[in-house]
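Per TrEMBL, the features are:
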| type | residues | note |
| --- | --- | --- |
| ACT_SITE | A:Lys131 | active site, charge relay system |
| ACT_SITE | A:Ser206 | active site, charge relay system |
| ACT_SITE | A:Ser230 | active site, acyl-ester intermediate |
| BINDING | A:Leu180, A:Ser206, A:Ile227, A:Gly228, A:Gly229, A:Ser230 | substrate binding site |
| DOMAIN | A:75-539 | domain 'Amidase' |
There are 2 protein chains.
Amino acid sequence: MTVDWRSLADAKRQSILDAIPAKWRIQTPIPSPSELRDVTGYIEQFLTARELEITGNDAVDIAKRTTSGNWTAVEVTEAFCHRAALAHQLVNCLHEVFFEAAIEDAKRLDAYFAEHKKPVGPLHGLPVSLKDQFHVRGVETTMGYVGWIGTRGVSESELVRELRNLGAVLYCKTSVPATLMAGETVNHIIKYTTNPQNRLLSCGGSSGGEGALIALRGSPGGFGTDIGGSVRIPAVFNGLYGIRPSSGRIPYEGAANSMDGQNTILSVIGPLATTARSLRLLFKAVLSQEPWFHDPLVLEVPWREDIEREVGALVKQSAADPSQLAFAVMHDDGITKPHPPIARAMKTVEETLKKLGHRVIEWKPPSHRIAVDLADQAFTSDGGADIEYHFGLSGEEPAPQIIVATKLTHKTALEVAALNVKKREYQKLYMEYWNSTAELTGTGRPVDGLICPCAPHAAVIPQKYRHVGYTSFVNLLDYTSVVFPVTRADKTIDVSQPRTDFLSEADKLTYEDYDADIYHGAPAGLQIVGRRFQEEKMLALAEYIGEKVQEASQ
Amino acid sequence: MTVDWRSLADAKRQSILDAIPAKWRIQTPIPSPSELRDVTGYIEQFLTARELEITGNDAVDIAKRTTSGNWTAVEVTEAFCHRAALAHQLVNCLHEVFFEAAIEDAKRLDAYFAEHKKPVGPLHGLPVSLKDQFHVRGVETTMGYVGWIGTRGVSESELVRELRNLGAVLYCKTSVPATLMAGETVNHIIKYTTNPQNRLLSCGGSSGGEGALIALRGSPGGFGTDIGGSVRIPAVFNGLYGIRPSSGRIPYEGAANSMDGQNTILSVIGPLATTARSLRLLFKAVLSQEPWFHDPLVLEVPWREDIEREVGALVKQSAADPSQLAFAVMHDDGITKPHPPIARAMKTVEETLKKLGHRVIEWKPPSHRIAVDLADQAFTSDGGADIEYHFGLSGEEPAPQIIVATKLTHKTALEVAALNVKKREYQKLYMEYWNSTAELTGTGRPVDGLICPCAPHAAVIPQKYRHVGYTSFVNLLDYTSVVFPVTRADKTIDVSQPRTDFLSEADKLTYEDYDADIYHGAPAGLQIVGRRFQEEKMLALAEYIGEKVQEASQ
């Protein structure tokens with residue numbers, strides 16, 4: 001029996017649109033991407049002043065109002081449902097729409113508040129979007145696979161249960177590339193999710209729908225997953241904040257995944273949002289649910305107020321004594337040099353930190369080629385068997401962006417073990433290098449964070465993502481990383497200089513891919529990387545640096 | 001070229017004896033095990049009153065005196081070297097002897113104390129023994145493999161480095177079964193390590209040399225490893241305390257291992273000692289070294305004083321209000337029923353807890369058959385390739401006790417991933433069961449600990465260890481477990497009752513193995529199991545229960 005996967009995909013695509021109330025459909029023709037790249041302003045014409053007011057706030061300010069009864073959950077939910085519906089019509093960022101259920105939930109929350117004069121939890125009435133890996137009762141999970149269409153979750157993912165306990169309102173699930181193994185978001189259901197700030201470009205992946213939706217303020221914050229960069233890439237491509245925590249902090253239990261059980265490099269869950277403090281709100285709220293009693297892979301490490309306080313004090317003191325904070329910068333990873341907008345973002349941050357008086361050292365780590373190779377081996381260790389199976393359910397063809405392993409890479413248990421040893425040895429090597437910087441910082445500690453690109457380019461031109469090593473080395477190390485916005489690609493400044501000193505084939509091709517005109521307007525952010533389990537610290541530092549960079553640019 | 005592995009093993013065995021100073025050799029014939037089972041009293045005739053005084057103390061009392069300058073490191077070290085030398089001559093418990101280096105180290109510690117009037121660290125002058133997996137500079141590591149003879153460690157294991165920082169004196173490495181995958185300690189070098197309290201029986205494995213040495217007070221405490229029970233089995237077989245912590249607390253970095261890189265079930269390091277408080281001293285001391293900055297697999301979870309205080313308060317309050325502590329008991333695991341001495345130990349603890357007024361519930365967990373099967377799959381996933389390689393280095397034959405996998409069990413990466421998923425699902429199932437006991441305890445919490453056997457028998461008759469499921473389920477779950485002594489096998493009480501209701505083939509064979517006379521005198525202890533990362537709590541509870549059981553028996 002041949003399944004007509006194209007028809008199935010078309011029908012599913014139509015059903016997403018059909019789930020959007022008629023009143024929220026855009027009736028006028030939408031300009032093409034070449035006519036209008038940036039739709040972040042365009043979307044506003046379809047919203048009321050009140051909806052703009054609500055959706056213009058970050059998650060922290062919204063939660064302040066919804067948990068204090070100043071704003072009702074229903075009003076906030078409706079505003080975000082409306083804006084998300086518009087966002088989807090502009091950039092194809094949604095896989096699932098369940099606005100009615102959301103509004104019912106919001107009504108229950110309002111009733112609770114009216115009766116008890118207090119919120120259900122710290123996220124009371126806050127809409128939260130979810131990457132299409134999380135199971136929500138009564139809603140499908142396709143993860144971009146045509147063969148999954150029609151499968152409805154019976155039980156909800158643990159994170160979903162916790163978000164409901166916290167009072168969050170769930171209303172949509174966002175697009176992903178089938179397999180999750182791509183830095184762009186493409187599948188046969190929604191086709192392609194474009195970048196709201198430059199629709200000629202990708203929104204990133206694999207949590208691409210999250211990135212695009214939040215950039216259009218169709219969500220104040222949401223949860224993605226990251227095994228090779230999949231939270232950070234869409235965050236940075238969309239000018240957002242996003243965190244890749246170490247494995248074992250946010251519960252993955254009961255969520256769909258690719259290559260489940262591959263545990264050389266674990267996929268982790270992290271939030272994306274418009275501000276660092278929103279990430280903290282979401283992260284801390286989840287930990288307050290004690291997920292370690294509900295997910296065997298979560299570690300009993302509550303939100304560490306003491307570390308938050310210590311880092312806060314360090315940051316505060318650094319105004320008077322900036323030498324108390326020390327950073328490393330890595331302008332390139334020795335494999336691919338970044339495009340001009342990213343190189344400029346690096347320069348901007350380095351200069352800002354130096355001007356503030358912080359010690360900044362050059363990062364000279366163990367070879368990142370080893371990290372990239374080991375991560376690739378982990379991602380292809382099953383020889384593509386899992387991916388082949390899921391594409392095979394419908395017979396659909398993988399999009400060209402999808403990394404498909406070959407059977408030749410299928411490892412034996414002995415080879416997996418050898419890979420695990422190599423990974424640990426590399427982690428040890430990197431750890432010792434990190435320790436060694438204590439001799440250079442003048443603070444008595446190693447560097448407080450490493451600042452580097454997340455990708456060699458801003459939001460990428462479709463099918464031109466050639467090197468994910470800037471994010472995947474963090475996954476191999478299981479380090480913490482927070483992405484923060486810095487600037488935007490500007491064709492008047494970011495002029496490409498002639499080069500012949502290519503570090504690799506990917507470097508040469510990436511160099512040749514640069515087109516100042518096409519990239520114009522794309523967000524250009526960076527990441528700050530900390531060691532394992534440095535979430536409290538990295539969030540504080542990303543917030544600090546993000547603020548200082550914004551101040552400096554004004 | 002054929003290596004004459006028997007000669008190599010013989011020469012190595014002789015070299016261990018040769019490393020013992022002539023003055024410490026036992027000149028009189030040692031009685032045979034059938035003439036004198038228990039040599040824990042016999043050893044004392046060879047020691048001076050002062051040596052008996054020193055070695056009669058636990059690690060805590062010794063450290064009190066050596067860190068305060070009351071006892072010199074040299075005197076303490078010499079006493080333990082002497083007693084360890086005697087112990088080895090009685091039960092074959094040592095692989096490596098480096099007494100001279102230890103006494104030199106002790107001299108340096110004494111000089112440091114004389115100069116600075118303070119100790120180097122909390123373990124200043126405390127002799128600590130090590131299982132023969134840890135590399136010590138200038139000393140061989142054979143792990144029981146003949147093919148490893150002659151390989152000297154260049155760099156030291158991370159734990160060794162930390163113990164030196166803490167002021168511990170290292171003086172010997174203890175025997176293990178080649179491969180580490182056995183509940184007895186047997187290899188071609190030392191042949192067989194017997195149980196000091198009943199030399200007809202095994203000292204357990206794989207940290208068997210540790211168990212035997214500490215039982216003879218040839219060490220106040222030492223470090224073993226546990227992947228399927230290898231700390232707990234020798235601890236319980238020798239009437240000691242021992243802890244199997246969750247993975248990621250004590251640094252394994254730079255230690256030798258079997259099947260390194262197999263990460264479905266990780267081997268972990270834990271101390272063994274004569275008292276629970278000694279385990280705490282050693283555990284806490286290691287964490288004070290911040291191993292998470294030196295071992296990529298260690299988590300940044302310092303010793304949690306707050307949990308220690310909370311549990312301490314609970315225990316204290318329970319004298320007035322015993323209903324504030326609730327335990328579960330599992331008399332058998334549904335696969336193999338324990339022998340009479342172990343069944344009696346269970347009954348003793350259950351009655352003691354009930355008399356104290358604590359709530360005690362029956363443990364009715366998810367099937368332990370699943371746990372045993374999954375653990376077996378993890379241990380044999382490489383099809384025996386690693387073990388075959390290491391035996392092949394010399395061509396030696398594995399002892400019959402060694403679990404040797406067949407090539408048929410060699411998994412693909414896809415199968416390893418599937419196993420990891422099954423393991424996680426079982427962990428989740430067990431977690432939910434644990435959570436569910438909150439409805440039965442009356443404390444508002446789930447049970448504070450699960451008390452169960454560590455093996456179906458006391459220290460086992462050689463080659464009769466048929467079922468390791470009582471320990472391996474803890475490794476699969478990555479739970480915390482602390483072993484504590486309860487009683488001893490007593491042929492006048494522990495009479496076997498006729499049975500025909502066998503739960504399994506192993507149950508029937510284990511039942512038939514019981515011989516009240518041979519087992520007479522063997523220690524019969526139990527374990528208290530807690531969830532992941534409950535080391536602070538389980539140490540406190542094991543100490544409490546251990547004390548109460550001793551009081552009740554007096």
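The backbone N, Cα and C atoms fix where each Cβ goes, glycine too.
Just so you know, TrEMBL annotations are computer predictions that nobody has curated.
Between the farthest pair of Cα atoms in the substrate binding residues (A:Leu180, A:Ser206, A:Ile227, A:Gly228, A:Gly229, A:Ser230), the distance is 10 Å.
Around A:Gly229 (substrate binding site), the same-chain residues at least 6 positions away in sequence with a Cβ under 8 Å from its Cβ are A:Gly183, A:Arg244, A:Cys454, A:Ala455, A:Val468, A:Tyr470, A:Thr471, A:Ser472, A:Val474, A:Asn475. Taking the centroid of the Cβ atoms of A:Leu180, A:Ser206, A:Ile227, A:Gly228, A:Gly229, A:Ser230 as the substrate site, the other same-chain residues with Cβ within 8 Å of it are A:Met181, A:Ala182, A:Gly183, A:Gly205, A:Ser207, A:Thr225, A:Asp226, A:Val231, A:Ile233, A:Ser267, A:Thr471.
According to DSSP, A:Lys131 (active site, charge relay system) is assigned to a strand segment.
On the 0 to 100 pLDDT scale, the domain 'Amidase' (A:75-539) averages 97 in the predicted structure.
Looking at A:Ile227 (substrate binding site) and A:Lys131 (active site, charge relay system), their Cα atoms lie 14 Å from each other. Sparsest Cβ environment among the binding-site residues A:Leu180, A:Ile227 (other Cβ atoms counted within 10 Å): A:Ile227. You'll find the Cα of A:Leu180 (substrate binding site) roughly 8 Å from the Cα of the residue listed as 'active site, acyl-ester intermediate'.
The recorded positions listed here are A:Gly228, A:Ser230; among them, A:Ser230 has the most other Cβ atoms within 10 Å of its own Cβ.
Residue density at A:Ser206 (active site, charge relay system): 34 other Cβ atoms are found within 10 A of its Cβ, drawing on all protein chains shown. Within 10 Å of the C-beta atom of A:Lys131 (active site, charge relay system) sit 28 other C-beta atoms, taking all shown protein chains into account. A:Ser206 (active site, charge relay system) and A:Lys131 (active site, charge relay system) have their C-alpha atoms 9 Å apart, to the nearest angstrom. Residue pair A:Lys131 (active site, charge relay system) / A:Gly228 (substrate binding site) shows a Cα separation of 16 Å.
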